[in-house]
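**Q** As annotated by TrEMBL, region 'Disordered' applies to 1-104, 148-322. Under the heading compositional bias 'Polar residues', TrEMBL lists 24-39, 90-101, 166-176, 202-216, 274-300. According to TrEMBL, the feature compositional bias 'Low complexity' maps to 59-77, 184-199. According to TrEMBL, the domain 'Zinc finger Sec23/Sec24-type' annotation covers 425-463. For 502-746, the entry in TrEMBL reads domain 'Sec23/Sec24 trunk'. For 751-834, the entry in TrEMBL reads domain 'Sec23/Sec24 beta-sandwich'. Per TrEMBL, domain 'Sec23/Sec24 helical' is recorded for 847-946. Residues annotated as domain 'Gelsolin-like' in TrEMBL: 964-1035.
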Ligand SMILES: [Zn+2]
């Protein structure tokens, strides 16, 4: 390939870089040797051509309006909404009972806050030095040194402490069996008043810092004691900050205003060790000394861990009861908010090795300057230990969550396509890594040294270019593969199956026409939709029509193939009843071009619902259907996708026949794993054949009862497909959700017949993979199909030393067939730092990605281990991670403190969400199919999806001014954050609830629901009336916007406070104790602390 530009010397990476004018597709597409002009690759990027905006005629888009029971994914058998055993009385105020707080064994009476100096982010330096977080947790945990004897609801002004208890007896009282399940009763979440709860107020970030906040209050109401007894040396807040360089500061203290904590009914009292002789200073959170609040009505402080400042003992004061304050423990909302404020405004430029990207919850633009965008790859840590010993010590999983075909926002360019002509992509001769910005050109540009294996390779003459004085090729910035983190190569025929360029892929629609499918209206709805949807099959670039061919099969116990050849006046049906030996009865006319056969296809889709309208056939087959689709693709010599619409357990006599083996009695036994395993190996075998053919299977399930999702989802899972489940499908209630998912699924761009390989520089290698794919060996991830929503999570282990200077490199190469039939390679490169200090590891972790990995690890674990073992493993690993930090990175401090690394301070709360998720700790209402369904969904989720799935977003709707159209700031997912005078939206990527408080103003009810009172609102409503007022429009707009952010349509469920449905809603308030026994956040943090202490002792 001749590139004649002689670019002027260009700045190295990390410097401002010239605009990539030279990369515009036109300059590549027309080069010699280019067989195809791969002009704009916009299909991955832009919105699909206006389909959503123009619903096809004839299909009612009218939303269902009845108030039928919700069909959420977490729903039981049809119509089941009975959660009646749960109380409905104490809705707004959280758990109504105060449970005894039990002391952790070995707690020390002193818990002075750890100070951690702010590092590396001068913009957020606090005037008084010590940064937030570690200390704040410290303080809170110190607050958990609670006596076993509790005076529940002791009056705020009184001496609320239980009688002092010795440590020994206290520790004996802790139900310490090591069983996670044994502690949740240990502590009750604090009780908060719904109104005026501090947590519902915006963080006090803007309040100017005041030096005066050091000063203890001179007089006034009841004070909190300092948690310190006599000050220990070095524990004074007034002293110099303890050196703890491994904290990245968080931008602003999460300091909840002191004085706001005591307003609720008191919870567990303070530990008995704190005698009242100690002055009750105004305590500040984590040394932030900062945000103070105007009038401080109470002097209670949530931060008992903070030492008395300086040494000015005040007069003894009566001590109020103290409760655990959830506001003092790390808040996901605050972390998300801080990151948005700090990192949302600047583009994330990828030129620097080892940069931790903004959180997935932050909106930011990415500029590719040599490393793959975080939209393609996110890592658990961007600074990895040099040695395996260090890695083992820290126990931080080293993993990357890769989404090779991720969709990008319109502002970001899709990867450029590079065409090297017949010679194909340039690669290292030894390790086969692809040319990338990290390859070192040597010997005047005649050779290059591989950055992965160090092999020296010759540069082919046609690729030769001179080097500048820095050793960089002068054309580096004209070539995507030398300057960008992500790009594509056109593949040569060597990269194609059977050394033949592929044909365009095909879509086959396979429709269950058994009794249930007909009766529910599904078949009619689907056929009607397909008539128009087929005009919107994925296209590439500026193509006028899609290259994808389509075919149709219907089935119950037998299969019906349709000839829809354009020359026919009417479609022809061919029945195959020998499902034991599936074959495709016709080749010509089965897979057709949509435009050419439009009339015949429309006729077929009109006729199908009529043909089977009177069917009495209730039995279905399943495996033969997939087999048939796969054989059809094989006969047509192309890759493709099967869209299966299926309703029931396939009990008809045929290969892959299943029986109902659902057994809830297996839950919490060693045999529970069998519920997640397929009941026959037939589907794995079938999946393998599908993968070999590049046949991806998307499964739409419409079950009325158990269908064995664990078995039916095997083929979709192993072929890179998707599973959708609509329990108890009814057209009027569920059509919007189903059609929305279907449209998106059919239109989305897919890479077919793909193989993904992750190469790494010497020292680490990819050892484990999670996702929807098949692996025939230890390195190649085979994906019959891969769409822009699917991720593959890859774990790395050391096989040698790394070094700080070179860092570590990843290169993900995805070979695939585009939807136009073009064979391509998409390359993503990412350079990470390496460290010899554990502190560097802990400073560069990303908790959201860690959780993504840990959830996938655990969800795979349930296939082979008892669920309890899986949970314990997660807890142990998390404790080890945090204990290692404490031991090696945190400054010396009292063992009674929990110290969390800044970037992992949400690890406990998020991990707890994983532990109490339906897969790992199912509630009574969760079905076996639900668990299997969620399990396989999570397996392919990206980091943003797991983040919101495990910790749902809860948005108050009427707190902010009605004119304010931006998304309201979220509140923590806890019942105490709900005010009964307000309305909230809750979403987790799959479910969407609108919770209405019982005391919501009448005007609000009228504006939103069009009825005059709360009692007239229909519980379970799934569509809000469209009303001509500001609030209604705002809420509708917000719902639309939330839906647009997610890959699956979220059906709305209106939940009224104190209504039966509320139990379902509360399931998603993940900071609270769950009905299935899941711990509250506070309890779990306490438990983690105990685990850590055990590891350290
Ligand atoms: Zn190499």
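Every residue, even glycine, has its Cβ placed from backbone N, Cα and C.
Because TrEMBL annotations are produced automatically, they should be read as predictions rather than curated entries.
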**Q** When secondary structure is assigned with DSSP, how many helix, strand and coil residues does the domain 'Gelsolin-like' (964-1035) contain?
**A** 20 helix, 12 strand, 40 coil
**Q** Could you tell me the mean pLDDT over the domain 'Gelsolin-like' (964-1035), as a whole number?
**A** 94
**Q** State the residues, same chain only, that lie 6 or more residues beyond the ends of the domain 'Zinc finger Sec23/Sec24-type' (425-463) and have a CB under 8 A from a CB inside it; answer 'none' if no residue qualifies.
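**A** Long-range Cβ neighbours of the domain 'Zinc finger Sec23/Sec24-type' (425-463): 1-2, 13, 370, 418, 471-473, 476, 481-485, 489, 491, 759-762, 809, 811, 813, 825, 827, 829, 831.
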**Q** Of the residues in the domain 'Sec23/Sec24 helical' (847-946), how many are helix, strand and coil by DSSP?
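**A** Per DSSP, the residues of the domain 'Sec23/Sec24 helical' (847-946) fall into 65 helix, 0 strand, 35 coil.
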